[in-house]
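Structure record follows, encoded as structure tokens.
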Amino acid sequence: GNLTSVTVFFLLGFSHYPKVEVIVFVLCLLMYLITLLGNIILISITILDSHLHKPMYFFLSNLSFLDIWYTSSAFTPMLTNFVTGENTISFVGCVAQMYFSLAMGATECVLLSLMAYDRYVAICNPLRYPIIMNKKVCLQIAAGSWLTGYLTTLVETVFVLQLSLCGHNTINHFACEILAVLKLVCVDTSMVELLMLVITTLILPMPVLLICISYAFILSNILRISSVGGQSKAFSTCAAHLTVVVLFFGTALSMYLKPSAVDSQEIDKFIALVYGGLTPMLNPIIYSLRNKEVKAAMKRLLIRNPFGTVLISVLNNIRASTLI
């Protein structure tokens with residue numbers, strides 16, 4: 001029967017390696033908690049501080065929201081199964097996990113490319129930036145990113161659900177990842193694989209190309225700036241975004257566009273951990289540590305809080321003691 005005839009799936013995860021499984025659980029739990037904390041703080045700061053009511057931070061809030069949902073859809077069932085000892089997931093849960101993790105990943109690809117366009121306008125057309133990137137345009141860009149991710153993923157998911165299984169319902173993965181689910185299918189998957197290749201090419205390499213074009217113009221503009229301080233400031237505004245792009249697209253490309261001859265499910269699992277856990281965890285850290293406006297906004301919010309002044313005093317004392 002096809003996938004819809006299955007009521008429950010078994011997830012192998014890292015059960016073949018009990019010692020590794022414990023380490024992976026601890027690491028995933030830490031990554032998940034840090035991801036939640038970091039991204040919630042970043043979203044809160046951009047909402048509460050009026051100085052951050054800018055297009056860049058609006059897109060950054062969308063990115064943080066995406067990372068929270070993506071990590072939750074990928075890691076929550078795995079962490080729950082490890083605690084309960086039941087490595088199972090219902091059909092509805094599996095489809096939901098497969099759909100939302102794909103949708104969030106696709107949306108992030110599009111959003112990161114449009115964030116590169118935002119940086120291009122800010123650096124290459126600074127005087128026209130408020131006009132070009134007005135509130136309406138920002139909302140349209142964000143809505144377009146979400147719509148593209150969800151619609152392309154819907155097509156992939158519907159096609160996969162029409163395929164027939166070989167009588168197996170054991171997925172050699174810690175999540176209902178689409179490539180792992182396809183390995184259960186016993187019919188010809190060439191049409192589905194072709195469809196996935198077309199969509200993946202549109203969602204991964206095309207945004208990368210747009211990002212490269214945007215940064216080519218940005219670099220050309222930066223090199224024409226006469227002052228070293230101006231060049232440094234321009235580079236610093238792009239450094240965080242570029243770091244996130246390299247981390248995200250590097251792991252995504254290695255997973256979804258690797259040669260078909262390379263078939264190692266164990267390697268895929270570890271790539272999925274980096275792609276689904278490490279990158280969303282590092283995003284808020286990268287943007288906050290390298291961004292003076294975010295750090296200033298955090299300090300302002302701490303000062304408003306009754307406990308903020310105490311915390312700032314403690315941090316300043318720690319910093320002073322390290323300098324001594």
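Placement of Cβ uses the backbone N, Cα and C atoms for every residue, glycine included.
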### Message
Quick test of your reading of TrEMBL: among 175-192, 301-318, where does it put transmembrane segment?
### Response
301-318
### Message
Can you work out the mean pLDDT of the predicted model over the domain 'G-protein coupled receptors family 1 profile' (38-287)?
### Response
82
